[in-house]
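Notes follow the structure.
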Amino acid sequence: MKQPAPVYQRIAGHQWRHIWLSGDIHGCLEQLRRKLWHCRFDPWRDLLISVGDVIDRGPQSLRCLQLLEQHWVCAVRGNHEQMAMDALASQQMSLWLMNGGDWFIALADNQQKQAKTALEKCQHLPFILEVHSRTGKHVIAHADYPDDVYEWQKDVDLHQVLWSRSRLGERQKGQGITGADHFWFGHTPLRHRVDIGNLHYIDTGAVFGGELTLVQLQ
């Protein structure tokens, strides 16, 4: 019997030396490698967390997708992973292809099999990560946490978790979210990282010529 996808997942930071959080990678593997080298990332002692959207648009989507199988990487699901899973499950590919999924069609048959296997594993990606580190309690979701009060295992609209930009669009109100120290999101490409109270937006458009943002949580 197929297990339901987890919504929430917890990470205990004391298991790791350093914890790094990456903005949307979108197939930009070389940018990620350079950033990890610069921060002296150690895959045996450190953890890399992705805010989702490791695939599509960039040059190395398959390699980035396969990163999720490494013991030193974890991620929340992004809307692009969800589009890919939905496309393969339904065989309705048009939405995914219009949004950067054409790399999959260009793969050789054996590579498509590898991609399908990796995307099947994405069914186990949580929508929301709660990370307990030496710098506090961090909540990570791809686009938004669609409530003004965070609670572990609270029912929230998962479509908004993957797609919503409304909170960022209302940033002039300056309202944060209670229930954790920091909230981290990607999804909306920005020229630079945006911090509004305890809300942090770190998709800085690596695939569009911007820098890939890497944040040290511990």
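Cβ coordinates are placed from backbone N, Cα and C, and glycine is handled just like the others.
Straight from Swiss-Prot, the features:
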{"type": "BINDING", "residues": "ASP24, HIS26, ASP53", "note": "Mn(2+) 1 binding site"}
{"type": "BINDING", "residues": "ASP53, ASN79, HIS187", "note": "Mn(2+) 2 binding site"}
{"type": "ACT_SITE", "residues": "HIS80", "note": "active site, proton donor"}
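For the pair formed by ASP24 (Mn(2+) 1 binding site) and HIS80 (active site, proton donor), distance between Cα atoms is given as 10 Å, rounded to the nearest Å.
Taking Cβ-Cβ distances under 8 Å and a sequence separation of 6 or more, the neighbours of the residue listed as 'active site, proton donor' in its chain are HIS26, GLY52, ASP53, VAL54, ILE55, ASP56, ASN99, GLY100, GLY101. For the Mn(2+) 2 site, the Cβ centre of ASP53, ASN79, HIS187 serves as reference, and the other residues of the chain with Cβ at most 8 Å from it are ASP24, GLY52, GLY78, HIS80, HIS142, ALA143, LEU162, TRP163, GLY186, ASP203. Within its own chain, HIS187 (Mn(2+) 2 binding site) has ASP24, VAL51, GLY52, ASP53, GLY78, ASN79, HIS142, ALA143, ASP144, LEU162, TRP163, ARG165, ASP203 as residues 6 or more apart in sequence whose C-beta sits under 8 angstroms from its own. Other than the site residues ASP24, HIS26, ASP53, same-chain residues with C-beta atoms no more than 8 angstroms from the centre of those residues' C-beta atoms, the Mn(2+) 1 site, are GLY23, ILE25, GLY27, GLY52, VAL54, ILE55, ASP56, ARG57, GLY58, GLY78, HIS80, GLY186, ASP203, ALA206, VAL207.
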